[in-house]
């Protein structure tokens with residue numbers, strides 16, 4: 001899960017570059033998901049040969065829900081929220097995901113919270129710690145602009161304009177992303193019970209996510225220029241997020257959820273705040289505490 005959070009941090013930083021360059025978010029999501037399916041398919045054939053035949057209608061419905069709640073909805077809100085804020089500010093909201101996931105897991109009887117036991121006390125203390133940590137992170141808001149030269153002699157076109165002007169909108173979108181991601185972990189648990197083949201689950205999730213984002217994107221705009229991707233950092237963002245942020249991350253998530261449960265998996269989300277801040281500093285983002 002530490003590896004997953006490192007991948008997430010890279011996705012956040014590269015995603016900030018892409019959205020500041022003006023990439024159409026649903027084009028990014030569609031290409032990313034489709035390429036993720038291409039990366040996953042040969043491994044599914046090699047390690048889980050013919051297991052796709054075991055997929056029934058019940059499993060397909062959960063795959064459909066898994067792709068929408070775990071990819072299409074949160075990623076759309078995430079990238080639009082990232083466009084309106086900063087990479088470090090976006091990463092802060094991942095601290096809330098473990099707490100929301102834990103509450104949902106207890107509600108859905110996926111985790112047990114028994115008062116008076118060591119396990120129950122540990123979980124209770126952990127959830128309190130997460131809440132306090134998230135509150136402190138929100139109070140110490142890290143603001144700044146990434147000073148990366150995306151083009152020779154040029155700065156991001158939208159970053160400085162977006163920051164501050166749409167902070168409330170970006171925050172609302174990031175909260176929605178947090179809630180949707182928290183819902184995704186219990187859904188993965190249920191999906192694993194119905195269809196335990198991790199590579200094929202990842203492959204079908206990528207395919208369905210690509211179709212969903214394509215349909216929504218075409219409903220928003222059919223302008224060819226919006227769907228055009230240049231051979232620059234936008235392409236790097238898509239390839240990185242497809243190979244690592246989709247194919248590898250989804251496989252690792254499903255594996256850990258099946259072994260340790262949704263609450264354990266989500267509690268590592270706070271690490272992405274640290275990794276993203278370190279990465280942002282290396283890329284030249286000015287980090288300040290308070291207003």
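Even glycines carry a Cβ here, placed using N, Cα and C.
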Next on the checklist: Please identify the range among 59-81, 128-150 that TrEMBL labels transmembrane segment.
Outcome noted: 59-81
Item to check | Stretch of maximal Cβ-Cβ contact with the transmembrane segment (199-221) [cut-off: under 8 Å; candidates 23-47, 59-81, 87-108, 233-257] | outcome: 23-47
Item to check | Secondary structure content of the domain 'EamA' (2-120), with strand meaning DSSP E or B | outcome: 98 helix, 0 strand, 21 coil
Checklist entry - For the domain 'EamA' (2-120), what's the model's average pLDDT? => result 82
